[in-house]
Amino acid sequence: MNPISTLTLASLIILTLPITTTLLQNNKTNCFLYITKTAVTYAFVISLIPTLLFVQSNQEAYISNWHWMTIHTLKLSLSFKLDFFSLTFMPIALFITWSIMEFSLWYMHSDPHINRFFKYLLLFLITMLILVSANNLLQLFMGWEGVGIMSFLLISWWHGRTDANTAALQAMLYNRIGDMGFIMMMAWFIIHLNSWEFQQIFLTNPKNTTLPLLGLLLASTGKSAQFGLHPWLPSAMEGPTPVSALLHSSTMVMAGVFTLIRFYPLMENNLTVQTSTLCLGAITTLFTAICALTQNDIKKIIALSTSSQLGLMMVTIGINQPHLAFTHMCTHAFFKAMLFLSSGSIIHNLDNEQDIRKMGGLYKTMPITSTAIIIGSLALTGMPFLTGFYSKDPIIETANMSYINTWALLVTLIAVSMTASYSTRIIFFALLGQPRYPTLTRINENNPHLVNPIKRLILGSIFMGFFISMNTIPHTTPQMTMPPHLKFMALAVTLLGFTVATELNNMTHNLMFKQPSRMYTFSTTLGYYPTTTHRILPYLSLTMSQNLATTIMDSIWLEKMIPKNLTTMQKTAASLVSNQKGLMKLYFLSFLLSITLGLLIAL
């Protein structure tokens, strides 16, 4: 085994050690928390070495020493694929999880089950690393389902709250819809290629792969909360803030986009799937950006921004730039985790207040958190020379020079401008102006478990974009010349969004409207989608089921089939065996005539 595979396995083994210690002894002390955090830290440091070796040598590695089973001609083995994608993403996921775990020591310190919470976070990370490094579809599916079940357990962490249980159930059900597409893809490959190994699938490169790739797109739509299967993502904010930070930055929602990137050798020549991915991503990034403009919950605004950025990654995959989408996925992880941790700092200090209208003036009382939110918001909008700029600006430039689907380009540009608008809105309402929270609120930003993770992520949000983009190899011929108006398009729409949002916030800060407009209601209710899918459609289906049950069971079976049918049968049988016809009037008339004739004869 070469150093890359050896050190990668060492980092994975280190992560499993805290899990095995819980099987040997009952960890009810806080030592387990620090053991887990230290294990993630050591795994991060060790994982940097294989990444640096890969950057130097540019040689992939495969580990396939563990044979599992053989079913007829199908050989199943446990194998790891250590290429550019996995070796780049693993240190990022470990670094962010390390920061989130340290933040959780402060945020969740009063939780009586904090040891189990750390165990769940660690399992969440391990399942994502299994997905990233998988070399076959079976192992990928194990990681895929692993992040799904861990997200369910973590979103419903505060299971005493009905909203948390409902949100976890939503996440599970929407992902079950996507999993049908994943299983369909696995079935297609096992029927037509008799293999789940990535090397054999990519080398064979079958021609008609539209059906399995559409199944993969459906799976990614559910996992990455694209339009149609997106309502679970804002609802998932019912979980603790560290869960939201890990779920949105480097685990659950990134799994769908990463799987599409992994299958780019099959997608790059399939125009049907590429166009579907492009249009789906464009609709998602615009729709969620519109919904984020009018939300007042700070966590939901950041959650909808995640969905919008995932749509932007899908657009990038749709224009056949998977490496650029992966770069944006890596850079996005830093500032998105920082935004969630900063919002968690504000929420915790303001006694669980999440409404940005009840904040204000926090730049004076929480300077480090305010700095992190400003830097994270600027990086999210693609401000030059921050982390987001090195991935978002090339995406817009590539889309401008692409020859496919101008409609999707225009929609994406509008969404990029709206990103600047809702980022400005967070800064304006939460950080600036006069304080709007209770005067006796106790705010403390001096805990090192709070400050140190945010500081590390601030550095990552400033510098890591440069290093990641420098080591991303372009796989298409770059444009040597570009018109200036296209070159500065991304910066122009971002500045437009900043300007419009600032002016509107200043103009309407003290205004009150009596009746919301239809567009405002459309945005605040997330396009009526949750109302339609979670209320109207279930009500209609239940009503129809009740009517059918009433008609079939009560009217047909219980009323007509048994009582009325028995009555009809008995009446028919009685009329057949009896000579009485039941004509009472005729009987009385004949009786009357007989009496009358008898009397006349007697007289």
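Residue 1 is the first one shown; counting continues down the chain.
Quick reminder: no glycine exception, Cβ is built from N, Cα and C everywhere.
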Which residue range, 301-320, 541-560, is the one Swiss-Prot calls transmembrane segment? 301-320
Using a Cβ-Cβ cut-off of under 8 Å, list the residues of the same chain that are 6+ residues beyond the ends of the transmembrane segment (4-24) and lie near it. 32, 35-36, 39-40, 42-44, 46-47, 49-50, 53-54, 59, 61-63, 80, 82, 87, 90, 94, 118-119, 122-123, 125-126, 129, 133
Other parts of the chain folded back onto the transmembrane segment (301-320), taken as Cβ under 8 Å at six or more residues beyond its ends: 220, 224-227, 230, 233-234, 236-237, 244, 248, 253, 256-257, 260-261, 264, 267-268, 274-286, 288-289, 291-292, 295, 328-329, 332, 336, 339-340, 343, 356, 380, 392, 395, 398-399, 402, 404, 408, 412, 415-416, 418-419, 422-423, 425-426, 476
